[in-house]
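What follows is a short report on a single structure.
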């Protein structure tokens, strides 16, 4: 079996694969100060408590946007699984042609998403929208050129900024809304977050389409923890919640 670990700004998202099929996924809050022992014990326990044998994990792939976590995570893999993990980073085979001015700046999670999307939909122009701590947009051509994208504050970051930088605005649950007009403070914040983000998705998707694909409509794929909030809005042609993990698996296979 193969264990894929996507290290985000707030969570580690783990997926356990049996060949090409994901049989288990789970999450852990990511802390830059977490020891390799804490992480290794958590991973083994989570796998075992879900009915799988940690000893059957033969390969591990790591994709991280938090560089300081990689060292301790590598140590956890070595100590608790006896595996030197594959790190998705600059210099590995991806199958993509990175058109960023500085390819080293592209986040590993954005590369993983792009690898998976081009594998799932070969020969198509793509816009990938990943709604996590940050909301990222990536444009990938049908020739597997990674063209670039946009990055905006994610829904939770926006909500936390309102709470921490104002005197009276509370923390709220982030939910899909049905009306733009709020009639109480909490509703108003929720509406602003939801429809503000929806507008961002629509506007950036439209502008990227014009700039990258000369108005020819690309396939738009949503992923990340908040992607399902916008399912009813029809802004995505497809929602693939585990896109990043699938991309890591494919990258691992390319570099075997």
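For all residues, glycine too, the Cβ spot is worked out from N, Cα and C.
In sequence order, 6, 8, 63, 65, 130, 132, 136, 244 constitute the residues six or more apart from residue 109 (active site, proton acceptor) in its chain with CB-CB distances below 8 Å. Annotation comment: Swiss-Prot describes 109 as active site, proton acceptor.
The ATP binding site feature in Swiss-Prot is assigned to 6, 7, 8, 9, 10, 11, 12, 13, 133.
Under the heading substrate binding site, Swiss-Prot lists 100, 107, 108, 109, 110, 185, citing sequence analysis as support. Neighbour list (residue 107 (substrate binding site), Cβ cut-off 8 Å, at least 6 residues apart, same chain): 65, 136.
Per Swiss-Prot, K(+) binding site is recorded for 130, and the stated evidence type is sequence analysis.
Between residue 100 (substrate binding site) and residue 133 (ATP binding site), the C-alpha separation comes to 22 Å. Candidate binding-site residues: 10, 185. Fewest other C-beta atoms within 10 angstroms, 185. Listed in chain order, the extra residues whose Cβ falls within 8 Å of the Cβ center of the ATP site residues 6, 7, 8, 9, 10, 11, 12, 13, 133 are 27, 30, 65, 66, 132.
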